[in-house]
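A.B. asks: Sharing a structure below in structure tokens format, with a few things to ask.
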Amino acid sequence: SRAYSLVDSSQVSTFLISILLIVYGSFRSLNMDFENQDKEKDNSSTSGSFNGNSTNNSIQTIDSTQALFLPIGASVSLLVMFFFFDSVQVVFTICTAVLATIAFAFLLLPMCQYLTRPCSPQNKISFGCCGRFTAAELLSFSLSVMLVLIWVLTGHWLLMDALAMGLCVAMIAFVRLPSLKVSCLLLSGLLIYDVFWVFFSAYIFNSNVMVKVATQPADNPLDVLSRKLHLGPNVGRDVPRLSLPGKLVFPSSTGSHFSMLGIGDIVMPGLLLCFVLRYDNYKKQANSDSCGAPGPGNISGRMQKVSYFHCTLIGYFVGLLTATVASRIHRAAQPALLYLVPFTLLPLLTMAYLKGDLRRMWSEPFHSKSSSSRFLEV
């Protein structure tokens, strides 16, 4: 989780891609909420009862305990990769490839649904114990497997970026922050984690642990397999080593170097953006149910119209820009969360206090409620 010095087109690419991934992942998450509401209404109409607290089992909500221990678990994983990389690199590469395949299939699913809708019914095809899948799901998974295989054979940075984008969108869509308190705990802990492993790990381990783990390429599984099976010097030996999709990389205009941004610097602020987008939608539904009740009297109407999502997204952009400037000034890797967390959390907390929503956002979870509104202004 860090930002390197960015120049020319690589800087613009990093900004645009990271913002697009956060926006797209947040709206995929909101759309999943709408789909779950529709399913709950269908179940209530058929069974005659309705459980307002039912949720999708595939969605993981982070609680306070998980938010506190996640930086510790990330630190342990980082140390394992630092000390035992040679021993676990093949297993880690295979696991990463499997997760990237599923995540990229999720990223491609809306496009595949659009392509298959005119020529194929949405009936699910049974594959025995494997489950039932629609034609769009099979198409997206097939394309994802094909892309991962090409990446393993070529190791091209553009394919690695595509897999990293799928991971970002899937994590933002399937992981939820239930309250502002949990958001502050998680992002504050990860800020300390990022700063320590970028700035202070070299004093203890004689090496920048974060940079070394993130930039170290792994052996290609095809090369390892050919050596284990003694398939000969020309079978699987010309494949490149793989840079794992734990980051986005973009070449500079001169091609002399690559700029990098860890997916943690996209996903973790993206979870906060997803939370405030869902809260904006929740508040909009609540206001429409109460016939447009006005906000606090000391807040202007224009201030009330500013959404938390826009405020936090602008803060993310400014924080990423600040991290880029800092990396260029110091000519060294920077912990991007050191800049992203204050520039996203502080404006959000300030606006929530001014609007009178801070108490509700801090500890009160979302109410499960059905809504016929499917549109959100952005």
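Glycine is treated like the rest: Cβ placed from N, Cα and C.
TrEMBL labels come from automatic prediction, so no person has curated them.
According to TrEMBL, the feature transmembrane segment maps to 12-31, 67-85, 91-112, 133-152, 158-177, 184-205, 258-277, 308-330, 336-354.
Explain the structural surroundings of these features, please.
C.D. replies: Counting same-chain residues at least six beyond the ends of the transmembrane segment (91-112), those with a Cβ under 8 angstroms from any Cβ of the stretch are 81, 136-137, 139-141, 143-145, 147-148, 152, 162-167, 169-171, 173, 218-221, 242, 244-246.
Within its own chain, the transmembrane segment (158-177) has Cβ neighbours under 8 Å at 17, 21-22, 24-26, 28-29, 32, 58-62, 99-100, 102-108, 144, 147-148, 150-151, 183, 186, 242-250, 263, 266-267, 270-275, 278, counting only residues six or more beyond its boundaries.
Cβ atoms under 8 Å from those of the transmembrane segment (184-205) belong to residues 1-2, 62, 64, 67-68, 70-71, 74-75, 78, 82, 177, 211, 264, 268-269, 271-272, 333-338, 341, 344-345 of the same chain, restricted to positions at least 6 beyond its ends.
Beyond its flanks by at least six residues, the transmembrane segment (308-330) meets 3-7, 11, 14-15, 18-19, 22-23, 26, 265, 269, 272-273, 276-277, 279-280, 336, 338-344, 346-348, 351-352, 378 of its own chain at Cβ-Cβ distances under 8 Å.
Long-range contacts of the transmembrane segment (336-354) within its own chain (CB-CB distance under 8 A, at least 6 residues past either end) are made by residues 1-3, 180, 183-184, 187-188, 190-191, 194-195, 261-262, 264-265, 268-269, 272-273, 276, 299, 303, 306, 308, 311-312, 314-316, 318-320, 322-323, 326, 361.
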A.B. asks: In terms of Cβ proximity under 8 Å, which residues at least six beyond the ends of the transmembrane segment (12-31) contact it?
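C.D. replies: For the transmembrane segment (12-31), the far contacts come to 3, 6, 161, 165, 168-174, 176, 248, 250, 259, 261, 265-266, 269-270, 273-274, 277-278, 281, 309, 313, 316-317, 320-321, 324, 376, 378.
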